[in-house]
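Student: Pulled from TrEMBL, these are the listed features:
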- 1-37: domain 'Fibronectin type-III' (DOMAIN)
- 43-138: domain 'Fibronectin type-III' (DOMAIN)
- 142-237: domain 'Ig-like' (DOMAIN)
- 244-339: domain 'Fibronectin type-III' (DOMAIN)
- 334-353: region 'Disordered' (REGION)
- 345-438: domain 'Fibronectin type-III' (DOMAIN)
- 445-545: domain 'Fibronectin type-III' (DOMAIN)
- 532-634: domain 'Ig-like' (DOMAIN)
- 641-734: domain 'Fibronectin type-III' (DOMAIN)
- 741-776: domain 'Fibronectin type-III' (DOMAIN)
């Protein structure tokens with residue numbers, strides 16, 4: 001019987017039935033309640049022991065696998081001391097959870113434990129019994145951890161309270177000691193501002209009221225028991241104003257300025273020094289207060305200016321951090337004055353290298369009187385004037401100066417004074433008078449003559465003018481020569497004539513005779529010393545082998561388009577003048593024109609074509625030798641016709657064309673081929689493709705039965721060349737083969753002297769209609 005309602009009461013009855021009908025019912029006397037049967041639960045499982053101490057132990061378990069059909073109301077925990085036989089109940093009331101701490105154990109004794117589950121039907125069998133557990137405290141080394149806010153240190157302002165909190169563990173519970181900078185912290189050591197560390201099991205708190213700067217340092221908590229020692233430290237920074245700067249000194253003292261220097265405070269107050277404040281005071285007047293010089297100094301020095309010479313000053317400097325300014329460091333009194341005096345006067349200057357507009361003034365260095373000389377001032381005066389004029393706009397660091405811009409013919413005197421950090425000194429005595437005019441002397445010698453050219457009766461010379469003209473323009477040059485074997489120098493110039501330029505030609509010399517030459521320069525003061533003489537020079541013609549220079553953009557290859565004019569110009573050098581002639585591939589080129597002079601030769605080929613491509617040579621020849629230069633000419637044109645055009649693989653809709661590359665590519669790479677077709681009745685050629693990159697092509701879209709001619713032309717970047725055409729016509733049709741055999745041969749009707757046969761045509765007719773069948 002199914003689908004009963006839980007907790008409802010039911011009656012049941014049964015009767016038997018046969019084909020005649022049903023009999024009487026048999027009924028239950030008492031009703032039945034629809035509920036599951038109830039029984040005590042199974043025992044709990046996975047009983048475990050945790051955290052045993054000398055007086056307690058914690059048990060955990062899992063519920064029974066089967067609750068007996070009724071909810072578990074709680075658990076009963078039992079213990080058995082070692083050596084005893086009777087189990088004792090540990091809990092007065094049922095334990096509702098799956099854990100329980102058994103207390104009241106005797107230290108040092110061993111115990112076993114078990115647990116029972118209870119429901120409405122009763123108490124379960126006991127769980128698995130635990131092993132013996134001894135009631136002793138666990139061994140644990142001490143541990144200590146500072147509060148999370150102290151992990152990176154603690155920073156407080158002066159007057160705030162310092163609170164340090166630590167968390168402690170260990171068994172037995174460890175002893176606790178607080179230290180600052182490795183010294184034990186005692187309230188009496190810090191003027192009773194320290195509250196005795198509050199101790200609560202598991203934590204310790206140290207508090208210092210009204211903190212001062214001296215409280216900063218490393219605070220350490222030390223915990224210790226029989227099993228070890230543990231420490232934790234925290235850097236405590238008490239922020240305060242910085243101490244006074246130290247070692248205030250003066251440097252580079254001047255009459256109106258001084259450089260103040262100091263060192264940072266020994267204690268920065270626990271915060272970075274942001275800046276310094278420098279103040280000054282007039283110490284000669286008691287009523288005068290402190291005046292701020294600068295309040296934004298980042299460095300430990302400052303150059304104080306605008307002091308009054310002779311006055312006595314006091315200076316003081318404060319250091320500032322983000323808390324505020326600390327006490328000052330006060331300097332000793334300082335009087336504003338220079339520690340040195342201006343330099344002495346130099347000696348009387350000397351004047352040298354006098355010209356019409358300049359003079360060189362020199363002097364000796366005077367005594368500097370305690371400060372290095374930084375330069376000199378120079379003054380000039382015309383002898384008939386009373387006014388001294390400054391020569392230099394800026395200080396001169398050397399002991400001489402070239403004075404320019406003087407007026408020719410006037411007489412000048414000069415004087416000099418030195419300057420150091422204290423200022424300019426006294427002027428020197430004036431120099432001796434000097435008149436501005438150029439000195440005139442004979443010029444220097446010219447350079448050694450060089451042979452520029454020579455023949456069998458003359459020599460051409462050239463030289464460079466002298467480096468110094470002696471103060472007067474060069475009028476001309478005298479050339480002298482010395483004959484072979486002689487020590488006498490003879491003048492080459494005719495009469496008193498001078499060679500006006502730095503070159504000349506000396507004629508009427510004897511062939512194969514050797515001569516030496518030298519040159520003199522002449523100005524208003526006279527003749528110069530002679531130049532270095534040349535070596536012995538033989539008089540004879542100069543032989544130079546021919547040289548040919550092709551005036552082309554490309555020396556080795558000349559490319560041009562067909563139909564244009566080819567010009568190959570050449571420059572010819574050589575002595576005597578060479579004879580020239582042109583050749584094409586080793587032979588004279590009759591179609592070319594040659595235009596020639598002594599120094600140039602040019603070959604011209606009008607309206608060139610591909611046949612003019614090849615190697616052209618020009619040869620120059622004289623007594624000294626022979627020179628030949630080659631240049632290759634490439635005439636660029638459209639390519640020639642392709643070769644061996646053939647038609648193959650003919651079908652009713654296509655055919656294959658194949659050919660070979662032209663013998664002549666027109667001098668340029670063939671880019672492709674243009675393929676055209678024409679039917680036998682038409683006159684116009686139709687392009688089959690825009691461009692074919694290979695030497696074969698399948699022509700599509702042919703009309704079945706139509707006859708065609710084909711042609712192919714090669715193309716390069718200069719155009720499309722002449723075609724190669726098919727000679728025989730090509731008919732668009734499939735090739736004919738014997739047909740396949742007929743299929744599905746059957747016997748239809750048989751008589752005494754005949755038989756009727758039927759079949760179907762072959763699948764492939766071989767490319768032509770079947771004309772008849774042979775029966776065997």
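Using N, Cα and C of the backbone, Cβ positions are placed for all residues, glycine too.
Tell me about the surroundings of these features in the structure.
Tutor: Under DSSP, the residues of the domain 'Fibronectin type-III' (1-37) split into helix, strand and coil as follows: 0 helix, 10 strand, 27 coil.
Remark: secondary structure over the domain 'Ig-like' (142-237) totals 10 helix, 59 strand, 27 coil, with classes taken from DSSP.
Mapped onto DSSP helix, strand and coil, the domain 'Fibronectin type-III' (244-339) counts 0 helix, 45 strand, 51 coil.
With a cut-off of 8 Å between Cβ atoms, the residues of this chain six or more beyond the region 'Disordered' (334-353) that come close are 250, 253-258, 307-315, 359-371, 373, 376, 402, 414-432, 434.
Here the domain 'Fibronectin type-III' (445-545) is broken down by DSSP into helix, strand and coil counts: 0 helix, 40 strand, 61 coil.
Here the domain 'Fibronectin type-III' (641-734) has, by DSSP, the following mix of helix, strand and coil residues: 0 helix, 46 strand, 48 coil.
Among residues of the same chain six or more beyond the domain 'Fibronectin type-III' (741-776), those with a C-beta under 8 A of the stretch's C-beta atoms are 733-735.
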